[in-house]
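Marked as Fe cation binding site by TrEMBL: His65, His67, His109, Glu111. As annotated by TrEMBL, domain 'Pirin N-terminal' applies to 33-126. Residues or ranges marked as domain 'Pirin C-terminal' in TrEMBL: 179-283.
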Amino acid sequence: MPEKSSHNVVLEPRLVARKFLARPQHEGMGAIVRRSIGRFELKYFDPFLVLDEFSVTAPAGFPDHPHRGFETVTYMLQGSVTHEDFEGHKGTIGAGDLQWMTAGRGIVHSEMPAAQGTQKGLQLWINLSSKNKMIEPNYQEVSSKEIPEATKDGVIVKVIAGEALGAKSPIYTRTPTMYLDITLKPKAHLQQPIPSSWNAFVYVLEGEGIFGSSKATLTTAHNLLLLGFGDGLEVWNKSAKALRFILVGGEPLSEAVVQFGPFVMNTQEEIDQTIDDFDNYTNGFEKARHWRSEAAISLGF
């Protein structure tokens, strides 16, 4: 089947409403992250809780830690990370690979470097609705070669979630989400539809581009752009180098959010119960009592 063009289908391009530069900070055990969502100025962008661009070199990493009430999406850009959890699930996420983890009622896991040198990637936290917060944990893992890719007029799109240029991701999103890794070659231009009712943002990985309006100022790497109202995004690469960015959109949950570190629920009472469950190894955290990751054991934790 021929590819569907995304040109001339955006009637009301979204303009950039806010812009943030993600600066490096320490997180986990010696890791460096550039946090753009989940920081002081932007605690929550419904349904997105956190966006980190992380950089980690052994022995640094993210040793054993819990989650409840949301999903973590890990997309590797360079190197590889080994993941293991208290259910016995273990694997390595390499460059270009995707892991979509639904923590649901509870997961305790570790994420540690699996190779020499520096490992780089993105981790996005997506909130779950109240009806899904206590579902059983689940994984969707897609290798780099299995991620759908489409090319048209100097635009290359890897479809992590949702669809673009006629390519569609196999990922099931409990909170409706689109997640696109987009590269524009020099002088390329793109119009990408986004459901009008969704919140959406751009995070620039490499190069520089013009977003929303041809008269907008250039945006460079490590900048987050919150997009305003409209039915899509318009982007220009007027430079001599490639522009790479992610475009992420999601349907707002419009529910109360109460967060305590790695626990995200709807009420303070639910957070208190979650802390009690974790401390007492109950209600989803039973296996945490006797579990330590292989990484934690080898590091003497």
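Cβ atoms are placed via backbone N, Cα and C, with glycine included.
The average pLDDT for the domain 'Pirin N-terminal' (33-126) in the predicted structure is 94.
Of the listed binding-site residues, namely His65, His67, His109, the sparsest CB environment within 10 A is found at His65.
Mapped onto DSSP helix, strand and coil, the domain 'Pirin N-terminal' (33-126) counts 0 helix, 65 strand, 29 coil. Around Glu111 (Fe cation binding site), the same-chain residues six or more apart in sequence whose CB sits under 8 Å from its CB are Gly61, Phe62, Thr74, Val81, Thr82, His83, listed in sequence order. Helix, strand and coil content of the domain 'Pirin C-terminal' (179-283), in residues and according to DSSP, is 13 helix, 49 strand, 43 coil.
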